[in-house]
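Read the structure below first, then the notes.
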Amino acid sequence: MARAKRVKRDSVTHIYQTCKQAGTCPPDVVNKVEQTTVADNILKYGSAGVFFGGLGIGSGRGTGGATGYVPLSEGPGIRVGGTPTVVRPSLVPEAIGPVDILPIDTIDPVEPTASSVVPLTESTGPDLLPGEVETIAEIHPVAEGPSVDTPVVTTSTGSSAVLEVAPEPIPPTRVRISRTQYHNPSFQIITESTPAQGESSLADHILVTSGSGGQRIGADITDEIELQELPSRYTFENEEPTPPRRSSTPLQATRAAGRRRGVSLTNRRLVQQVPVENPLFLTQPSRLVRFAFENPAFEEEVTNIFEHDVDAFEEPPDRDFLDVQRLGRPQYSTTPAGYVRVSRLGTRATIRTRSGAQIGSQVHFYRDLSSINTEDPIELQLLGQHSGDASIVQGPVESTFIDVNVSENPLSESVEAFSDDLLLDEAVEDFSGSQLVIGNRRSTTSYTVPRFETTRSGSYYVQDSKGYYVAYPESRNNAEIIYPTPDIPVVVIHTHDNTGDFYLHPSLRWRKRKRKYL
């Protein structure tokens, strides 16, 4: 009997991903993946009660913590007679400070019989300081700013060393200056002064002028750039009028445009030509076909298709757009006269068969736009023009001063003061004896001037060459106004007549015929 071959078990991760959704995972697979085994629980709960932080494990210093390392050769026994030696790894110390060691001589003891007072000018013992100490001062220059030479002075007098070092210069500090400007279009500063050497600022422009020539320093300049003069803010150029252009970029095409497919709009044999004068044709042509509300936010730039009812007859707003079913999008072209033409190709649905087919002609609706003539340029005057020279008027230099003593006036006794009321004109104009003359240059007609009744003799001046003369007659003829009678026939009825007869109005009488009966 052959022994069955043992099949290797799949990985724990793959088994857990497959059987987790179905809930058929073995317990050992779930515990291993979710870390709930016995060993995991011991580490999880044991770490909460035991703390190994003081041993320095994992600190990265390599010193073994506070207790150090214990050699592996020694057992766990206890040493007798002394403190256990702590073994630490050897660390290379870094040398700090000067390496040279200065020798110091020993001091001889002072005898008991010697005086306790030590004079300052005498030296009883050896000198504690060395003879000469070599001192080197290094000063690193600052990278920013100009370099400053700092002298180092070393003075040696006797056995004392005195070092005089100049104070270190203060390094330059960076200063950041910010500028905030708010533009006000209604306010503009205009400041002009006499041009001189220097720099001046005008609003946001900086103008640097120099009265004398410049001097070139260094090697010769090989490349010279031609500079153009910038016009001043008060200089305007007069442009000559140019003929109107047909397009914004009047460039000739490199190759001739191919022949377009379809029917030409200007073919009078196949397309009906209809000029349109209504301005709605440019913005909303659909309002010319049928009545609709105006929508100013909608611009018709596409093809419009209109559906008409067969049984109903609709009169369009414009008679030229009768039975229009389809109105194409706008097309722009140029006429031989140079005008811009806006065209739309429309189709009429004049006849409709029983099958539903519509038959109609094609119509070319167009409108020529008026040309914009180029007017002559208007010469503008400069506002606030300055010559650039400042005029200084000094009053004390150009004026003459006269010292007059007002307190003492020798003529004050002989001068009489009059009131200002004497200057008023109290005469009353009544226009008595005035004359009215109305002149005219065209006519020299003479008029008879009657004599007016007056108590005083009046004088009249008659112009021989020109003028009108107005005369007022003494009597007037008032015409009597006669009001006409009404045109309505009046029927007169006599109430006192008891005969029963009446007066017949002439308009009610029987008219005789022109010819009598035969």
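All residue numbers here begin at 1 and follow the chain in the order shown.
Cβ coordinates are placed from backbone N, Cα and C, and glycine is handled just like the others.
Feature list (source: Swiss-Prot):
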DISULFID  Cys19-Cys25  disulfide bond
REGION    235-261  region 'Disordered'
MOTIF     1-10  motif 'Nuclear localization signal'
MOTIF     510-517  motif 'Nuclear localization signal'
Relative to the Cβ position of Cys25 (disulfide bond), how many further Cβ atoms are located within 10 Å?
-> 19
Mean pLDDT over the motif 'Nuclear localization signal' (1-10): what is the value?
-> 75
Cys25 (disulfide bond) falls, by three-state DSSP, under coil
Under a three-state DSSP reduction, the secondary structure at Cys19 (disulfide bond) is helix
